[in-house]
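Enquirer: Mind looking over this structure? Questions follow.
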Amino acid sequence: MIIFATPKVCKGKTRILYFYLSKLFFYVYFFFLIYYSIQKHSYINSTMPIIPLEDDKDDDWILEDEDDPEFQAILQGNSSKGPAQRTLEGSVAAVSTRPQNDKYETIPVPVKINTPTHHAMDFENLKTYIYPTNFEIRDYQYNIVERAFYDNLLVALPTGLGKTFIASTVMLNFLRWFPISKIIFMAPTRPLVAQQIKACCSIAGIPSSKVAILLDKTRRNRAEIWNSRQVFFTTPQVVENDLASGVVNPKSIALLVIDEAHRAKGNYSYNNVVKFINRFSDSYRILALTATPASDVEGVQQIIDNLNISKVEVRTEQSIDIVRHMKRKTVERKTCYPSSEITECIELLAEGITPVLNTAKERGLLDLTDPTRINFLQCMEISRKIVANPTIPEGLKWSNYFILQLLGMVGQCYRRLNIYGIRSFQSYFNEKFLEFKTKWNAKKSTNKLNADFYFSDPITTLMDRVEELSKTLTYGHPKIEALMEELDDFFKNHETAGSRVIIFTEFRESALEIVQCIEKANDNRKPHIFIGQSKEKEKFDVENFGKKKQKGQTKKKKDERPSTRSSSENAQMTGMSQKLQKEIIKKFKKGVFNILVATSIGEEGLDIGEVDLIICYDSTSSPIKNIQRMGRTGRKRDGKVLMLFSSNEESKFDKAMGGYEYIQQHIMKGDFIQLRPQHRMIPDEYKPEAVKQLIQIPEENIELKAEDDEDEIIRIATSYMLGGKGKKGKKANNNSTKKPAKTFFMPDNVETGFKSAATMVRKVGDNKSLAERNKEKTFLDKLVDSDSESEVDKENENVIQEVDKSKNQEQNDHIITELDNTEQSVAGNTKSTTNGTSYSEPENNNQVNQESVTANLDSVARVPEPEVIENSESEEEQISKITHNTPATSVDLSNGPEETSYKIDSVLIDLIDDDFTFSSDTEGDKVEVIDAVSPEVCKLPEKPATPPIRKSLGVKRKVNKTPDPESNSISIPSSTTKKSHNEVTRKVVQDPSTTNKKSLGVKRPRPVSIIDQLKRQKIRSQVIVSRETQSIIEHESRTQSSLPSPRNMSDEISEIDVIIDLDDDDDDDNKVNGHDKSQTTISKVQPIYEFSNKEDEGFLSSSQTRELYKNYYIAIDSSDDIPFYDPVQGFSKIKDTDKFTMGRTGPITHSLRTQRLFQACNAEFDSQLAAQTKDNDKQDYTFILKK
């Protein structure tokens, strides 16, 4: 430990030295402590043992108390909500072995490997792509074309830089790669469509035989055109309509070219077409072309989302690869300040509106003090919000609304005075003044605030002054004077006939004023107005206001244009149709007019021609409009742009263009936008290499290339599409063509119709769906619980048909051959054994028709495969297996005296009698099948059979139950492929008094199964048979023969004659045929379980009880419960007689109670059964019931 002396002991220099030494020691000691702590921490981390997560030496043994079942039940969890079940001693009962709730899993659907595209491709052409060398090769075009093959591309290029060339090249190569797919070029207007047809056919050389033009929605052979062509030029509205009507398959479209893509906003048809195609396929390419994508980031992102754009290619006029290909374009600005006359008018207007502005300020509507700063758009926005506000009272709301409307009108007047001049202001203000004055005088308006404004002294003075100035001033605004000076200089320097000028302005009144001013110059200037199709807005009719229209009053006839009205004045009033627009443009190109004064109609898309000078009379805050205007010049030769500014126009223009350039730069870098994922159509193994070659233009395209008229281009292209039938002036007669039915297209790999959830899930560990299991359960339920024989027969037929379809052809041929042999042998025996009665048939009847045999296969039921029976088994066990034939047991079919047993797959038994021949009074032979009831088969002597006699129609009769002691043997063919010398035989009894043909219209006796008998609990005795023996009894009941069954089991109730009801339903058939009973007494044929109504009997014997649970209990899934009768539930003990009686109870589920009895019979009471005698008939099973 270091001890420092106090500073007071030291003096002078020693004291200073001590001070510094003490500080040094302090810092050294401090850093030493830090270093020591770091080293210690690292040592602890490196030497500390890591405790494994899985520690075998834990305290889990505490939870493994196996002696406490209640504690174990808590740990394992109890699914039941109630308390644990306990025994009489108080301990917790054992957990039931009944399976818990089934767990289900989703059936895995195999994932289909998606190929790059579903379109058919030409892989040989896919190795290369053609780049036309007909024009100059430009780097930016080359790069954009290659990029368009792999991405949905948005191309933003300045006007005149070859966007159409890029589209044509991409279309040409997609046509080579996807020869049967469709390529669609969409443009918003007909003139643009015509321009693109001319460009694509003259650049890429696409044959006209593959090109179609669709501009008419009413054309009736649209489906034929869509199916026969590959390249289509059309408008988006036409494509949207054809997609919605099912005329064109959306999955067949491989390329979609969109011109003027900046329109893809809102609910425009471009967006609807892309949305519709996306519903069916994403394997198609989009090429979007525009000069100005949007003025802000949100607009660009909206286009990207609507058109699924995955890549953006943007070039500006300052781009490196663009500059050297741009023509020199000089942009000149000129600011024109308002004249003194305009300033005087502005002051008078401000003096008149000041009281209204003060009222608006008091109400909090506007926060302005200078009336000259009133803005039209601002006032309209505030008024819209006020109307939409439900909290403002109605009176105050509409009062504020009219104030803002008046202020907005004044703001528009300011704009017209500052930008367009006095004449434009006069036209607008006079119309508003006349409208209000007329309504005020007619007492239709009570707005005192507006009256105070319009009838005030400043406004009256203003109107008089404007009227005077419009007559004396040569130019209404200094801009017009600057424009005239520019035109003078231009035409002096460009005296050639090819010089062209376009002047852009926003309002029609201003355009007409400019035209009139130019016309007054009387020189070589030839101007004309160029506006849209809509008519001039209908002005307020002062004369007819308030007058009622007379009934039947016709519209006024069109006023003929007076000779003093010029073409531009008439166009300004009536609008310009497309025909007139094309005529003006055609004359402009030819030099008839060399100046066009255009509104916004001339800004976008139109190829007006070579323009040397562009004058922007006004400017807007939209950079897109400004760029479109300036792009009309400098395409093929140098040009000049003159921007005329007034008031605050220049600042707005600079702000808009500066923001647009900023956005363009960030879009080029990929900032601020989120692109969609890429989807390749070309396989990854292919990367097409460029092949630069000169494109040979087909002869049919030369005519399109030489044509300049848009209508003529459309007509020529249409005539080629129709095979030369579409001549000018002729219309095809399509009246006989019917409207095609609408086609509904589905996406790839879609499943139509409804699909249940059960078909898509399965139990864990199962290989079949829940629906398939339910279907099997439903079939078993119908087989067990059905009261109608027809339902069982129908199910048997369906199962037989499914089994027959699954067999191979070789096995079926073998079965048919065996059936042929059997039928021939039966026919031969029948013919040869008749009792002296001739039954002649043609000789060719021995050959069975293959079609009839094949048809009869549907009516054949298959008996489950019997197994070989061991001779070592006891007689009773053999009888038990033969008698109680279930799917789990076997049948011994012996073959005559040889007593040989064979294992066969199935036995074919005809269950359907298709013979509906009418019967006579006599009856023929009857064939009856008798089960083998003993290991020893008695062979009866043969007896000739009498010829079959037809039955009577519709009369029920008793069946003669006295059998013939003699019978013949008929072989039943086996379905196995192995052939054997021995035949599996059945004993057949021929009865001369009966026939095997059923009578038409008479219900045949139906055998009743054990389940039906136990469910009904009828008082009269009934026969209970197994499922396998049921098919034999059904055949026996159809033949309606009877034969006493030999006693094979010592049963005290087996000798009872059984009455089988021929008519299972409870109708009143006996009332119709009263002379004949509806039932027949038939000796029982191999009964299994029988009940009697004797008082001393009421339950099964011990042997029958044992056989019931051995042969009829089948372990099935707990969810597939089958209604089953539990005999124990119905037992009751009589105290006097000390005997058990059988009660009449309903069906219960195949549950644990049945399982308990089954286990009891097999395992639990083996010791007690062993103590008894080995004679099964004398064994006592009542102790099971007692427990």
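Every residue gets a Cβ built from N, Cα and C, even glycine.
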Enquirer: Among 259-262, 279-282, 435-438, 455-458, indicate the range for which Swiss-Prot gives the feature motif 'DEAH box'.
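Expert: It is 259-262 that Swiss-Prot annotates as motif 'DEAH box'.
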Enquirer: Tell me the residue counts in helix, strand and coil for the motif 'DEAH box' (259-262), as DSSP assigns them.
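Expert: Result for the motif 'DEAH box' (259-262), in helix, strand, coil order: 2 helix, 0 strand, 2 coil.
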Enquirer: Same chain only, sequence gap of 6 or more: which residues have a CB within under 8 Å of the CB of Thr159 (ATP binding site)?
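Expert: The list for Thr159 (ATP binding site) reads Ala291, Ile627, Gln628, Gly631, Arg632, Arg635, given in order along the sequence.
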Enquirer: Indicate whether Pro158 (ATP binding site) is helix, strand or coil by DSSP.
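Expert: Coil, per DSSP.
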Enquirer: Within its own chain, what residues at least 6 apart in sequence put their Cβ under 8 Å from the Cβ of Gly162 (ATP binding site), listed in sequence order?
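Expert: Long-range Cβ contacts: Phe135, Arg138, Gln141.
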Enquirer: Using the CB centroid of Leu157, Pro158, Thr159, Gly160, Leu161, Gly162, Lys163, Thr164 as the ATP site centre, which other residues of the same chain sit with their CB within 8 A?
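Expert: Apart from the listed residues, the neighbours are Ala291.
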Enquirer: Let me know the model's mean pLDDT on the domain 'Helicase C-terminal' (486-681).
Expert: 78
